[in-house]
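For reference, the structure discussed in these notes is given below.
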Amino acid sequence: MMTTEATALLAKAHTIAYRPDIDGLRCFAVIPVVIYHAYPSAVPGGFTGVDIFFVISGFLISSILLKDAATNTFSYGEFYARRIRRIFPALLLVMAFSIVVGCCIYLVSPLRTMAATLWAGAIFGANIEILSRHQDYFRPSTKENPLLHLWSLGVEEQFYIFWPLVISAVVALPPRLAVALQLIIIVLSFALNIGMLGFEGDNSWSFYFPLCRFWQMAIGGLLAYAHRPSAPPLLSINSAALSGVGVGFILYGFVALNEEMAFPGVYALYPTLGAAAIIHAGPAAPVNAGVLSKPFAVFVGKVSYGIYLWHWPLLVFTKARYSDDVFRPWFLAPYLLLFYSFGLSVLTQWFLEDKIRRRRSLLVVPLLVCGMVGMLVMGVALDSHASTFSVLVQVASTAPVAASATVTTDNGVPNMSRPPQLAEPTVAKLLAADDDWDPNPGYIPLRPDSPFGYYDYAWQLNPGNYDNLIIVLGDSHAEMLRPRFKLLLDEAVAAMAPFPTMVFLTVGGNPPLGCFRDHDAHVGTVLKMQPKVVLYSTDWPQFIRPGGTDAHGDNPPCCRAGYHDDCSYQSWVDAQTLVNNFRDEMLLFKALGIKVFAATMNPEGAPFHYNNMLQGGAVVATAPVRLSEYRRQHGRLIAMVEKAIVEANATKIDYADNQCYEDLCQVVSMARGEPVMKDNDHFRPYYAKYYLSVVDQVVAAAKTT
C-alpha cells in the first residue's frame, strides 16, 4: 500500500469533460491514413488524417492546460509525466520490434537510415532528422524507412515545449488579447508554412519543420480556449451545418488532394478547418452524435495511436522482405497487415498501456525514461555499427565467395558482359555489393598550400609531375574511376615508366556545371594550371531531367542530386543552356591547347541495384539491360550531350564500351557472378579497376606532346 506522502507525489488526474465524438474523429482520421499507406491510390489524400490528429491533440492538450493554468496547478513535471505515461509504452514496444526485425532483414544502408530515425525519435526529433537528410515524405525511397511515421510525434512534442508558456500568458490576458495572441501565432505559423514551400527544391521544410505545423495544433488550442468552462456563451451556431461543412472539408481532402500537390500549404486548410469545425460543432451535432459517437468509431479511436504506430513498420518491413508481390505470402497482403496492426494496437492497449497508466508507482516514469534512453543508445549504436548488427551482412561475410580474378575480354578489351558466364550469382555475392565504395586508396588529399587552390574534397595521384597534368572535373561518377587510374600508376611504377599527376576536383552530388558553387573556381584552376588533359565525368540524368516549362536565363539550375524531386524548376530550355555552357567551356580549354575528354551516359538504374535482384531471400532478377533501349529512353539528353562533345572537338568516353557486349549490359558480371555496381549507377571499385580501360586513353594523352 502506498503512503499518503507518496500518493501526493503522483501525477494528479487532469480530466476534462469526455467527448466520445472526438475519439470517433480519431477513428476517421487514422483509417484513411493506414489505407493510404497500404493502397495509395485508394485514398489519395489519406495522409491528411495526420493533420486532423494535430488539431485534436491541440484541442485536448490545451483544454487540460487551460484547466491547470486557471486553477494554478500546472507544472511541467506533471505535464510531461502524463505525456510519458501516455506515449512511451507503445512507442518503446514498436521501437524494440523495429530494431529486432530491422537487424534481421536489413543491410547496412537501410539499417542506418532506420537507426538514425530511431535515435532521433527517442528524443522526439525524428522530423528534424528526416528533414536534415532532405527526405521528402512522398518520395519512394523515404517510404522505405519503417520509423518514418515518428515525424508527427516529433512535431507534437516540440509544440508542447513552448505551448504551456503561451497558455500561461493566455489565461493572464483579457479575452480579446488572449485570442489575438493565439491568432498571431496561427497566422505566423501558417505564413511560414506557405513561405517554405519549394525551399531547397521540395516541400520538406513545410512538411516537417515544426514552426510550419504549429498553426494546426494552435487552432485546436484556440478551440479549447473558446470552449473553456469560464468562457462567455458562444454565438449561436447551426451545429448541424457546421459539422456537415467539416465533414465535407475532410472528405474533400481525402479524395481530391494527392502527393503531387504542394502540401501542406493552403491544401492543409481542408483537413485542419474540417476537424476544427467538427470539434466546434459540439458533441450534440448530428454527425458527432449519430456517427462519431457510435461504439465502433469510439473504440477504434481509442486505439488509433497504437494503430498508427504499428501499421507502418508492418507495411515497410514486409515490402522490404517481399518487394515483388508475386513472392509475397497471402497472409502478408497489405489489407491483412492493417488488420494485424489493429489487433496489435488493441493488445498493446489492454496489456501494456492501460496497465502502466493505472500503475501508481513512482518508478513508472523514471523506468519509461530509462527505456527511451536505451532506445537512444541503441539507435546510435546501430547507426555507427550497422554492419555488426545486420544479420544478413554477418551471414554474407561468412559465406564463401569466389575470388576469381578472371577478367572477360572482347578482343583483348575488358568487358563485363562478354560470354561465357563463368560464375552464378548468389545471395552472398549480391549482398557483397552493399556499400562497396572505397575509391581513394593511394590518393593524397590536396594540401592547403597547393597551387591548385584548396578544396577539402579534392585528391591527387602521383603529385609532382605537373608538366603532364590531368585535371578531373565531376561528381562521384568521376570519383569511381580512381581505382583504374591507381592501377595504371602501379603498372607504370613497376615498368619504371613516367606517369602524369592527376588532380580530382570532384565532389559527390555536384556536377561539373555552372550550377555547382565551386565550378567557376575549378575552371579558374584549369586556366591557371594549363593541364595537358581535362576529363569530365558526371551522372548526367541525375542533374538534367527537366520537369518544368519555365526558362531561367543564362544560369539555370541543375536538378537536385539523388532524384529527390521531379525537377519542376528546370525546363528543356534550361537543359540546353546548361549543355551549351558545358560545350563553350570545353571549347575554351581546347583553344588553350588542352586535350578534353568527356564521358557520355552509360546504362544505369534500378536493375543494377543488388537489392532489386533479391526477393524473399533468393536471387530472382538478374536480366541484362539493353543498351539500345537505355539510349532510346534517354535519347534526348544523350543527343544533347554527345552533340556538345562533338561540337567542342573533345573526345567522347563511353563506359558502355567496357560495360556492355553487343547490345546486352549485364547487371552481374559474367566472370564473377556479382553486381557490377554498388547501387543504381556507381561501378564497384573492382570493376572500375579491372574493366574500365576506356579511360586509359586519358593517361596516354597526357604523356604525349
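Every residue gets a Cβ built from N, Cα and C, even glycine.
For reference, TrEMBL has these:
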type     : residues : note
DOMAIN   : 21-348   : domain 'Acyltransferase 3'
TRANSMEM : 46-66    : transmembrane segment
TRANSMEM : 87-108   : transmembrane segment
TRANSMEM : 114-131  : transmembrane segment
TRANSMEM : 177-199  : transmembrane segment
TRANSMEM : 205-225  : transmembrane segment
TRANSMEM : 237-255  : transmembrane segment
TRANSMEM : 261-279  : transmembrane segment
TRANSMEM : 291-310  : transmembrane segment
TRANSMEM : 330-351  : transmembrane segment
TRANSMEM : 363-382  : transmembrane segment
DOMAIN   : 469-692  : domain 'SGNH'
Recorded stretch that, among 87-108, 114-131, 177-199, 291-310, has the most CB pairs under 8 Å to the transmembrane segment (205-225): 177-199
Folded-back contacts onto the transmembrane segment (237-255), same chain, C-beta under 8 angstroms, at least six residues removed: 28, 32, 43-46, 48-49, 51-52, 267, 269-271, 273-278, 280-282, 284-288
Stretch among 114-131, 177-199, 261-279 sharing the most Cβ pairs under 8 Å with the transmembrane segment (363-382): 114-131
Within-chain partners of the transmembrane segment (177-199) [C-beta distance under 8 Å, separation at least 6 from its ends]: 166, 169-171, 205-206, 209, 211-215, 218-219, 221-222, 225, 262, 264-266, 268, 569
Top Cβ-contact partner of the transmembrane segment (261-279) among 46-66, 291-310, 330-351 (pairs under 8 Å): 46-66
Surrounding residues of the transmembrane segment (330-351) on its own chain - C-beta under 8 Å, 6+ positions past either end: 34-35, 38-39, 89-90, 93, 300, 302-307, 309-311, 314-315, 318, 322
Contact set, same chain, for the transmembrane segment (46-66): CB under 8 Å, 6 or more residues outside the stretch: 14, 16, 22, 25-26, 28-37, 40, 74, 79, 137, 152, 155-156, 159-160, 163-164, 167, 170-171, 213, 216-221, 223-225, 227-228, 250, 253-254, 257, 259, 263-264, 268, 270-272, 274-276, 279, 308
